[in-house]
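Positions annotated as compositional bias 'Low complexity' by TrEMBL: B:448-462, B:470-481. Marked as domain 'Oligosaccharyl transferase STT3 N-terminal' by TrEMBL: B:13-413. Per TrEMBL, the feature domain 'STT3/PglB/AglB core' maps to B:571-627. Residues or ranges marked as region 'Disordered' by TrEMBL: B:444-491. Per TrEMBL, transmembrane segment is recorded for B:12-34, B:78-98, B:110-130, B:136-153, B:165-181, B:187-210, B:231-251, B:263-285, B:297-319, B:355-374, B:381-399.
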Amino acid sequence: MGRLTTTSLLTWACALVAILLAISVTEANQSADLAIKVAKLNDKASKAKGIIELDSATFEEVLAMPRNYSMVILFTALSPQFQCAPCKNFDPEYKLTAAGWSKLPVKSQLYFGVLDFKVGQSVFQKFNMNSAPSVLYFPATGALSSPPPFDRYDFAKSGFQAEPFASWLSAKAEVQLKVQRPFDFLAFAVKAIGFSGLLALGHILYGRAGKVMRSKYLWAALSLFTIFVMISGHMWNQIRHPPYTMTSRDGRPGFIAAGFQNQFGLETQIVAVMYAVLCGAVISLISSVPRTEDPSKQRLAIWVWLTLFGIMFSILLHFFRLKNPAYPFRLLF
Amino acid sequence: MSAETTSTVARVLKPTILILIAVVAIASRLFSIIRFESVIHEFDPWFNYRTTQHLVKNGFYEFWNWFDEKSWYPLGRVVGGTVYPGIMVTSALIHNVLHFFNFPVDIRNVCVFLAPMFSGLTAFSAYLLTKELKDSSAGLLAAAFLGVAPGYISRSVAGSYDNEGIAIFLLVFTFYLWIKAVKTGSAFFGLLTALFYFYMVSAWGGYVFITNLVPLHVFTLLLMGRYSNRLYVSYSTFYAVGTLLSMQIPFVGFQPTRTSEHMAALGVFGLIQLFAFAELVRGYVSPKQFKTLLRSGIVAVGAVSVVGLTLLSLSGVIAPFTGRFYSLYDTGYAKIHIPIIASVSEHQPTAWTSFFFDLQMLIFLFPAGVYLCFKELKDEHVFIILYSVFASYFAGVMVRLMLTLTPVVCVSAAIAYSTLLDTYLEKSEHVLASNLKGIQAQSSVTDTPASNTPATTTTEAKAGGKKAAGKGTPAKTVTKAAESESKTHAKTHSDKKRYPIFNWDSRAMVIVQLTWFLFMFAWHCTYVTSGSYSSPSIVLASRQADGSQVIIDDFREAYYWLRKNTKEDAKVLAWWDYGYQMAGMANVTTLVDNNTWNNTHIATVGKAMATSEEVSYEVLRQHDVDYVLVLFGGVIGYSGDDINKFLWMIRIAEGVYPKEVKEVDFFTPRGEYKVDHEATPTMKNSLMYKMSYYRFAELYGGNAVDHVRGARMPAEGPTLSVLDEAYTTENWLVRIYKVKDLDILGRDLKDATAFEKGKVRKTSLLKRK
């Protein structure tokens, strides 16, 4: 019994050693493989300002398990036939972020990849991706056996700018990525020239068009326009970006948004016009009517403006009741 | 009636009307008192009320040096240095004066009625302001409009004891004094402007509006070539005294010399000195020399100021815009960078319906008034135009700033309305007579184009302006200004000959229609005030099916429970919205409150709410929290509850703890925010979810429906192991939980709870076998 135990123990020990050896060999192999891979990636990335261009095959390759680096990949569609405007907008911002890669203390922490739809359709299908651009972040696998879940950058929340993207990525990959916008000499030059041009133009015009600039009617028109635009909720549109109109479903007019705190683009314009008409009626009643010499013409003018005033106000109230059905007041209808 | 009797009657009528307007203004703000009781409303007022109590009880110096250890635990808050003390000092003063005369009025009633009282004064200052712009009849209209306009009532109903309650009075009155100062050029009125500006600075952060609008007015007048000694005296007095005074408020401190929002005022102050200097030099040198001097002077000054400003901002002496203010210019700024600002409902942009709701017909009379200001375009009209344009922009960006727009809308609409009335009520003979006068004046001006003082005076008198020629100002400037003015007036008269309204029927129609609109306006205001702006929000009213009213008083019930059943120094954690109320009503120590000065601390509270029990318990223990308070509206359908605010808590927490709290985890794969069985695991495990829905399913026998979100809840509700339910109010609106102590036997609280429930864990079962 005792001998048997010893033998079996020995056998077990041998087996264990063998297994350990095998593991260390594969690990050595793997780490050698990894080192080659990383070297390749470093090479590629440093050649293209930190960005590694991928296609379906290389995509699988760089993401193959195991990997000791994280990978952020931009799925984009830059070919003209897709007409992907956001892709084009985000591309320079992504490149700007990737430019910070070369300043990372440990290069093999994170790599920037780009996969265009043209060369990576199968990957797009695999990830069930219907829209571009998308940014996915694949963390390092370490010794894990199953791939860790990837993260998706939320464009809707954080926007298309490089700075929020870099801070998102820095938090994910635990690195210090800094976005350094290159000084845009061209834009600066254009602005400088444009500004001095404007100054010169102003100087030239001041003599001739000074009368126009000093005309109070111009300023009155400008001020009134600004006021009308503002009081009809334009800033709300600027901030909330509502649709311009909506197709109606249940017979409700499509240009009026349901709900008191909601509005469409067209709706605010209609309101602005209504305000302008109402205000115009008041101004006419005040200043143009008393300048009419002929009594019957004057009477006609008053009646016309007054009727317009009343009808427009009724429409406005009606409009308001559509937004707030509980509102109890009405004028004509 | 002779002219003399008319004026006597008017002299009696005007004060009577003004008093009546004040009475109406006050009365229309009392709905909430009549319907509920004399109680402080909402959130911020509770802090103001608490500090006022402190001030009355302990005196001014104690108040000034008050370090409040009961808020922002464990940090505390220096109240004296972080508060606009104007409103507290005002009510304490009123209280003390009343007590001096042996009127034993409770400080609470002073606080409750402060805003309505001041609204009477606001109406009066609107009268004064409009009188300076047109005449006293327009002034009366403006007073009436401002007295009842919902845009102003929204922040000044009885019980709404907030800074805005007195600040709008101060705003309008300061503007009145400023216009008076510009018109008369008197240092006395400049000084008064500065004093009231100081009062305004002490009362409301919105003083920045004055700080920018007045210099803008001066700057525009300079651009229009209307520099005068009147302007110089009034602005210099106002700026020098006003700025020095404003720096006495600890909360403002050195901001007037440092932050960008005060820079405009400083810059214009410098500019007007240069203008004055140039005017002085002009008198001593030849025109040609002067031109050269002026040119080189402009270049030198420009270069120096550009270099200086750049250096100062680079070295950090001049701070960049503060967040709240910056979000006015760059409307996308707050959304990305400061969720805490974006989360506040009064910082949202204004939809057109809100404009109409708050101002009704005034909103379209207002541009007509601005147009009329353009027709007159004296110095004071320029001010109203600038005020209109900028205030309408700001009101569009932020709902809260409707408050600054409302006064100018009322003033300007009153000008339009009263001009309409003038036109259609004026006697025909008057119009013809004034025409004749205008033509005479014009001819006299054209006859002697050189400085013609007599003609000027007639035109001036006709125009109703009281711009007194030579009231202590150098004759030269006055003649020059008057000359140009008389020319413009003459022109107005020559190409715009006015005729009376000939037919009585058209007159009658216009008047009838206008009067009817006034009625509608009054109805609208009453409707809006009574329906929308008179709810105290700490006491809710709802109607039952049979029409009877039910009062829901859960908040006060909960706070009273806290006050009576917790130990003196109990720390209660809740979302910052309820901080002031808890401190004021429950007298407990809070972690965060409506002051929101420390984003990290708020994020920590958000983290405690948004994480699982284990993580959250650690936070709770670290901050010595004894109780946690949540609002839950699912039973009665109160939509302003914490589950609806939860997303903001998550967002704010994510900003500081991006690893522990992730907004994405709270959304279902389809991107929905769900609380029923589809809710994500993170959502279901969060402390907020558990506290809200704890025992909720039991209430309905496992068939619960959340009435706010219309969600059918799972039959098996969440379980809690680190908290004990301490108190739930009648309608389940407020739920208070007690944080458990560490387990006596050193067990994990989860295990301990399971053990107590008799659910012995499986592993221990195995072990026992």
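Positions of Cβ are set from backbone N, Cα and C atoms, glycine also.
Taking Cβ pairs closer than 8 Å, the transmembrane segment (B:12-34) reaches residues 41, 112, 115-117, 119-124, 127, 136, 140, 143-144, 146-148, 153, 156-159, 525-526, 529-530, 534-536 in its own chain, all 6 or more past its ends. In this chain, the transmembrane segment (B:187-210) lies close to the transmembrane segment (B:78-98): three or more C-beta pairs between them fall below 8 angstroms, excluding pairs fewer than 6 positions apart. The transmembrane segment (B:110-130) makes no contact with the transmembrane segment (B:297-319): fewer than 3 of their CB pairs lie within 8 A, with pairs spaced 6 or more apart in sequence. The average pLDDT the prediction assigns to the domain 'Oligosaccharyl transferase STT3 N-terminal' (B:13-413) is 89. Using a Cβ-Cβ cut-off under 8 Å and counting only residues 6 or more beyond its ends in the same chain, the transmembrane segment (B:297-319) has close neighbours at 258-260, 263, 267, 270, 274, 278.
The list of residues near the transmembrane segment (B:78-98) in space but at least 6 beyond its ends in sequence, with Cβ under 8 angstroms from a Cβ of it, reads 48, 51-52, 54-56, 60, 63-68, 105, 107, 110-111, 114, 161-163, 165-167, 170, 199-205, 249-251, 595, 597.
Outside the transmembrane segment (B:136-153) by six or more residues, the chain places 10, 14, 17-18, 21-22, 24-25, 28-29, 119-120, 122-124, 126-130, 168, 172, 357-360, 362, 402-403, 405-407, 409-411, 413-415, 417-419, 421-422, 522, 524-526, 528-529, 532-533 with a CB less than 8 A from a CB of the stretch. Counted with DSSP, the domain 'STT3/PglB/AglB core' (B:571-627) comes out as 33 helix, 6 strand, 18 coil.
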